[in-house]
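Per Swiss-Prot, the features are as follows:
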- 1-15: topological domain 'Cytoplasmic' (TOPO_DOM)
- 34-200: topological domain 'Lumenal' (TOPO_DOM)
- N41: N-linked glycosylation site (CARBOHYD)
- S53: active site, charge relay system (ACT_SITE)
- H92: active site, charge relay system (ACT_SITE)
- 101-131: region 'Disordered' (REGION)
- 103-119: compositional bias 'Basic and acidic residues' (COMPBIAS)
- D142: active site, charge relay system (ACT_SITE)
- 186-197: region 'C-terminal short (CTS) helix' (REGION)
Amino acid sequence: MFAELAPYLSNPRQTLAQILNFALVLSTAFMGWKALSVYTNSSSPIVVVLSGSMEPAFQRGDLLFLWNNSPRAEVGEIVVYNVQGKDIPIVHRVIKAFGTGDGGKKSQRRLEKEADKRSGPGLSSPISHQMLTKGDNNIADDTELYAQGQDYLDRKLDIVGSVRGYIPAVGYVTIMLAENPWMKTVLLGIMGVMVMLQRE
(Lines of atoms letter the chains of each structure in order from A and count residues from 1; the text may use other names and numbers.)
(Lines give C-alpha, C1' and ligand atoms only; values in the text may rest on other atoms or scores of the structure.)
Protein backbone atom coordinates (compact mmCIF):
# COMPACT_ATOMS: atom_id res chain seq x y z
CA MET A 1 0.00 0.00 0.00
CA PHE A 2 2.86 2.40 0.84
CA ALA A 3 4.41 1.61 -2.54
CA GLU A 4 1.21 2.83 -4.21
CA LEU A 5 1.24 6.03 -2.16
CA ALA A 6 4.93 6.77 -2.79
CA PRO A 7 4.46 8.53 -6.18
CA TYR A 8 1.89 10.87 -4.65
CA LEU A 9 3.97 11.61 -1.57
CA SER A 10 6.85 12.52 -3.84
CA ASN A 11 4.63 14.99 -5.73
CA PRO A 12 3.30 17.47 -3.12
CA ARG A 13 1.37 19.53 -5.68
CA GLN A 14 -0.64 16.55 -6.90
CA THR A 15 -1.19 15.40 -3.33
CA LEU A 16 -2.50 18.84 -2.38
CA ALA A 17 -4.83 18.80 -5.38
CA GLN A 18 -6.27 15.45 -4.29
CA ILE A 19 -6.76 16.71 -0.73
CA LEU A 20 -8.56 19.79 -2.03
CA ASN A 21 -10.69 17.54 -4.23
CA PHE A 22 -11.71 15.51 -1.17
CA ALA A 23 -12.48 18.73 0.74
CA LEU A 24 -14.60 19.90 -2.19
CA VAL A 25 -16.68 16.72 -2.07
CA LEU A 26 -17.32 17.18 1.66
CA SER A 27 -18.13 20.89 1.34
CA THR A 28 -20.52 20.22 -1.56
CA ALA A 29 -22.38 17.65 0.52
CA PHE A 30 -22.53 20.12 3.42
CA MET A 31 -23.87 22.93 1.23
CA GLY A 32 -26.45 20.58 -0.27
CA TRP A 33 -27.64 19.65 3.23
CA LYS A 34 -27.87 23.32 4.23
CA ALA A 35 -29.80 24.18 1.08
CA LEU A 36 -32.27 21.38 1.79
CA SER A 37 -32.61 22.63 5.38
CA VAL A 38 -33.49 26.12 4.16
CA TYR A 39 -35.97 24.81 1.58
CA THR A 40 -37.81 22.57 4.06
CA ASN A 41 -37.39 25.02 6.97
CA SER A 42 -36.08 22.11 9.06
CA SER A 43 -32.78 21.74 10.90
CA SER A 44 -32.85 18.03 10.01
CA PRO A 45 -34.79 17.55 6.76
CA ILE A 46 -33.84 13.86 6.62
CA VAL A 47 -33.95 11.60 9.68
CA VAL A 48 -33.73 7.89 10.41
CA VAL A 49 -36.26 5.93 12.48
CA LEU A 50 -34.32 4.66 15.49
CA SER A 51 -36.93 2.49 17.22
CA GLY A 52 -39.98 0.33 16.55
CA SER A 53 -42.44 2.65 18.29
CA MET A 54 -44.12 3.59 14.99
CA GLU A 55 -44.57 0.07 13.61
CA PRO A 56 -46.22 -0.93 11.36
CA ALA A 57 -46.22 2.52 9.71
CA PHE A 58 -42.43 2.85 9.90
CA GLN A 59 -39.75 0.32 10.74
CA ARG A 60 -36.40 0.87 12.42
CA GLY A 61 -33.94 2.06 9.79
CA ASP A 62 -36.47 3.77 7.51
CA LEU A 63 -35.29 7.09 6.05
CA LEU A 64 -37.82 9.91 6.48
CA PHE A 65 -38.13 13.15 4.51
CA LEU A 66 -39.49 16.10 6.48
CA TRP A 67 -41.31 19.34 5.68
CA ASN A 68 -41.57 22.11 8.26
CA ASN A 69 -43.33 24.98 6.46
CA SER A 70 -46.85 24.26 7.69
CA PRO A 71 -48.03 26.44 10.62
CA ARG A 72 -50.02 23.58 12.15
CA ALA A 73 -49.75 19.84 12.64
CA GLU A 74 -53.12 18.15 12.44
CA VAL A 75 -54.35 15.15 14.41
CA GLY A 76 -53.17 11.98 12.67
CA GLU A 77 -50.11 13.66 11.17
CA ILE A 78 -46.72 12.06 11.85
CA VAL A 79 -44.14 14.51 13.17
CA VAL A 80 -40.52 14.40 14.28
CA TYR A 81 -39.65 16.29 17.45
CA ASN A 82 -36.71 16.85 19.77
CA VAL A 83 -37.05 16.71 23.53
CA GLN A 84 -35.60 19.73 25.30
CA GLY A 85 -32.08 18.98 26.51
CA LYS A 86 -31.73 15.93 24.28
CA ASP A 87 -30.61 15.55 20.68
CA ILE A 88 -32.50 12.40 19.74
CA PRO A 89 -35.29 12.86 17.17
CA ILE A 90 -38.53 11.04 17.99
CA VAL A 91 -41.01 10.06 15.27
CA HIS A 92 -44.58 9.85 16.56
CA ARG A 93 -48.16 10.63 15.55
CA VAL A 94 -50.19 13.64 16.70
CA ILE A 95 -53.21 12.47 18.71
CA LYS A 96 -54.35 15.85 20.07
CA ALA A 97 -53.82 19.38 18.82
CA PHE A 98 -54.55 22.70 20.46
CA GLY A 99 -54.38 26.05 18.72
CA THR A 100 -55.55 29.59 19.29
CA GLY A 101 -59.33 29.56 19.18
CA ASP A 102 -59.50 25.75 19.13
CA GLY A 103 -60.85 23.62 21.91
CA GLY A 104 -62.68 26.38 23.79
CA LYS A 105 -61.61 28.45 26.80
CA LYS A 106 -60.32 25.45 28.73
CA SER A 107 -57.79 24.60 26.04
CA GLN A 108 -56.82 28.26 25.73
CA ARG A 109 -56.15 28.50 29.47
CA ARG A 110 -53.99 25.38 29.19
CA LEU A 111 -52.04 27.04 26.39
CA GLU A 112 -51.49 30.20 28.43
CA LYS A 113 -50.40 28.22 31.47
CA GLU A 114 -47.89 26.25 29.41
CA ALA A 115 -46.67 29.47 27.80
CA ASP A 116 -45.88 30.91 31.23
CA LYS A 117 -43.86 27.81 32.10
CA ARG A 118 -41.90 27.81 28.85
CA SER A 119 -41.26 31.53 28.33
CA GLY A 120 -40.53 32.65 31.89
CA PRO A 121 -41.35 35.94 33.60
CA GLY A 122 -41.05 39.07 31.53
CA LEU A 123 -40.75 37.23 28.22
CA SER A 124 -43.31 37.13 25.45
CA SER A 125 -45.00 33.79 24.90
CA PRO A 126 -43.68 31.78 21.93
CA ILE A 127 -46.60 29.36 22.08
CA SER A 128 -48.63 29.24 18.88
CA HIS A 129 -49.85 25.69 18.46
CA GLN A 130 -49.53 22.72 20.78
CA MET A 131 -49.96 19.01 20.37
CA LEU A 132 -49.78 15.67 22.14
CA THR A 133 -48.07 12.75 20.40
CA LYS A 134 -47.94 8.98 20.70
CA GLY A 135 -46.17 6.12 18.97
CA ASP A 136 -48.51 3.82 17.03
CA ASN A 137 -46.88 0.83 18.72
CA ASN A 138 -46.93 2.35 22.22
CA ILE A 139 -49.66 1.93 24.83
CA ALA A 140 -49.38 5.39 26.40
CA ASP A 141 -48.88 8.87 24.98
CA ASP A 142 -45.54 10.70 25.02
CA THR A 143 -46.06 12.79 28.15
CA GLU A 144 -43.36 10.82 29.98
CA LEU A 145 -40.91 11.52 27.15
CA TYR A 146 -41.31 15.29 27.23
CA ALA A 147 -39.14 17.60 29.31
CA GLN A 148 -39.96 17.92 33.00
CA GLY A 149 -43.05 20.06 33.49
CA GLN A 150 -43.96 19.96 29.80
CA ASP A 151 -47.43 18.65 28.94
CA TYR A 152 -47.50 19.31 25.20
CA LEU A 153 -45.15 19.95 22.31
CA ASP A 154 -44.96 23.43 20.84
CA ARG A 155 -45.10 23.65 17.05
CA LYS A 156 -42.37 26.28 16.78
CA LEU A 157 -40.05 25.18 19.57
CA ASP A 158 -40.11 21.39 19.48
CA ILE A 159 -41.12 20.14 16.04
CA VAL A 160 -38.37 19.33 13.54
CA GLY A 161 -40.84 18.63 10.75
CA SER A 162 -43.74 16.57 9.46
CA VAL A 163 -43.11 13.36 7.53
CA ARG A 164 -43.81 13.75 3.81
CA GLY A 165 -42.10 10.64 2.43
CA TYR A 166 -39.77 7.78 3.27
CA ILE A 167 -37.45 5.11 1.89
CA PRO A 168 -37.52 1.76 3.73
CA ALA A 169 -34.41 0.37 5.47
CA VAL A 170 -31.90 2.76 3.86
CA GLY A 171 -31.16 4.39 7.21
CA TYR A 172 -29.69 1.21 8.69
CA VAL A 173 -26.29 2.42 7.49
CA THR A 174 -26.62 5.47 9.75
CA ILE A 175 -27.69 3.31 12.69
CA MET A 176 -24.68 1.03 12.21
CA LEU A 177 -22.33 4.03 12.14
CA ALA A 178 -23.94 5.46 15.28
CA GLU A 179 -23.73 2.17 17.17
CA ASN A 180 -20.16 1.48 15.97
CA PRO A 181 -18.20 4.78 16.00
CA TRP A 182 -15.05 3.07 14.71
CA MET A 183 -16.84 2.43 11.42
CA LYS A 184 -17.00 6.20 10.80
CA THR A 185 -13.21 6.43 11.03
CA VAL A 186 -12.74 3.46 8.73
CA LEU A 187 -15.24 4.84 6.19
CA LEU A 188 -13.62 8.28 6.13
CA GLY A 189 -10.20 6.65 5.82
CA ILE A 190 -11.33 4.56 2.85
CA MET A 191 -12.88 7.61 1.17
CA GLY A 192 -9.70 9.60 1.72
CA VAL A 193 -7.47 6.88 0.28
CA MET A 194 -9.76 6.45 -2.75
CA VAL A 195 -9.60 10.16 -3.51
CA MET A 196 -5.82 10.22 -3.05
CA LEU A 197 -5.37 7.29 -5.42
CA GLN A 198 -7.48 8.77 -8.19
CA ARG A 199 -5.38 9.63 -11.22
CA GLU A 200 -6.20 12.74 -13.10
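Cβ atoms are placed via backbone N, Cα and C, with glycine included.
Positions of the features from Swiss-Prot, shown on the structure.
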residue	record	DSSP (3 states)
N41	N-linked glycosylation site	coil
S53	active site, charge relay system	coil
H92	active site, charge relay system	strand
D142	active site, charge relay system	helix
Lowest local Cβ density (other Cβ within 10 Å) among recorded positions: N41, S53
N41
Can you name the residues of this chain that are 6 or more positions from D142 (active site, charge relay system) yet have a C-beta less than 8 Å from its C-beta?
I90, H92, L132, T133, K134, G135
Return the average pLDDT for the topological domain 'Cytoplasmic' (1-15) as a whole number.
61
C-alpha of N41 (N-linked glycosylation site) to C-alpha of S53 (active site, charge relay system): distance in Å?
26
Over all shown protein chains, what is the count of other CB atoms within 10 A of the CB belonging to H92 (active site, charge relay system)?
23
